[in-house]
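Listed in TrEMBL for this protein:
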- 7-28: transmembrane segment (TRANSMEM)
- 34-55: transmembrane segment (TRANSMEM)
- 67-98: transmembrane segment (TRANSMEM)
- 110-132: transmembrane segment (TRANSMEM)
- 164-181: transmembrane segment (TRANSMEM)
- 193-219: transmembrane segment (TRANSMEM)
- 239-260: transmembrane segment (TRANSMEM)
- 266-283: transmembrane segment (TRANSMEM)
Amino acid sequence: MKYINTKLFFVQCIVQLVLILFIFFINFNFTTQAVIAGVFLCLVGIPHGSNDYLYRKDRSKLGLVKFLISYLVVIFFYALAWYFLPSIALVLFFIISFHHFGQSNYENKSVWHLPAIIWGFFLIMLPVVIHFEESTMIFKSMLYPNQDYNINQDYPVYFQTWKIVFIIILAIAYLSSIYIYTQENKLKYTLQFVLILVWYLLTPLLFGFIMVFCLWHSLQSLRHQKNYFVGKYNESSKYFYLSMLPFSIIALVFFGYYLYAFNFNIGGAFILLSLITLPHVLVTHQQYESES
């Protein structure tokens with residue numbers, strides 16, 4: 001059964017609607033936002049990529065060692081790219097994120113499935129455009145980490161108009177792609193789009209994106225990974241979730257140390273995220289290809 005037809009999608013829609021109502025009627029302060037986002041990240045966001053090692057072809061302990069080495073090699077070379085060619089590394093981060101978010105939502109092996117491409121672009125670029133000044137500051141801190149930036153930059157009056165135009169064009173492009181390339185569930189995909197659009201318009205940059213990342217991407221990815229693992233290796237769901245614990249704990253401890261030691265440098269945090277995203281995307285793409 002495709003994800004869009006599962007109970008999970010229905011639950012996600014209900015949770016998203018409740019969050020929209022809360023954010024509309026209750027002004028969450030920064031602390032409340034941080035707590036909610038932190039809980040979702042710890043329970044879903046970070047763990048959803050912690051079980052990549054389960055899908056290695058060689059199931060032996062030596063195979064695990066080989067997998068971890070290859071995983072770290074990819075991270076190492078991508079880290080070099082961030083050091084020597086940060087602009088290219090940032091563009092690559094965008095490209096793989098567009099693909100990954102779109103592929104997980106449509107469960108399609110093709111890199112060129114248009115609704116998936118536009119969906120991935122929408123999830124990431126819409127909050128960037130809405131909060132352009134803050135986003136620009138984050139990107140600059142990723143490219144030039146030793147400089148200080150602020151968001152008190154003046155933009156032309158018509159810049160807000162261009163934001164609205166961009167959102168309208170993006171909405172038309174995505175909805176058109178659904179009705180042209182998608183045979184079923186057009187209304188469900190439209191509902192999903194509207195809920196997330198409204199959420200992004202109502203929320204601050206980081207809180208809005210983190211909640212979408214956890215609720216709409218990580219949860220769906222966990223569902224797909226669990227079904228893939230249980231079906232292919234004939235293991236139980238309990239074994240799957242228990243197998244997530246070791247690397248989830250390691251990741252959470254490492255991230256906690258980073259927050260403590262570096263006082264949460266947002267640019268550095270996104271670079272760390274990109275380093276684990278690249279090998280994770282390679283693993284999950286192989287899953288979709290093998291299923292097809």
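Note that Cβ sites are derived from N, Cα and C of the backbone, with glycine treated the same way.
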Item to complete: For the transmembrane segment (67-98), could you work out the same-chain residues 6 or more beyond its ends whose Cβ comes under 8 Å from its Cβ atoms?
Response: 52-53, 56, 58, 117, 120-121, 124, 139, 142-144, 270-271, 274-279, 281-282
Practice prompt. Tally Cβ pairs under 8 Å between the transmembrane segment (7-28) and each listed stretch (110-132, 193-219, 239-260, 266-283), then give the stretch with the top tally.
Written response: 193-219
Fill in: Candidate ranges 34-55, 110-132, 239-260, 266-283 - greatest C-beta contact count to the transmembrane segment (193-219) (under 8 angstroms)
34-55
Fill in: Beyond the flanks of the transmembrane segment (110-132) by at least 6 residues, Cβ under 8 Å
94, 97-103, 155, 159, 163, 166-167, 170, 173-174, 177-178, 180-182, 189, 193, 196-197, 200-201, 204-205, 208-209, 212, 216-217
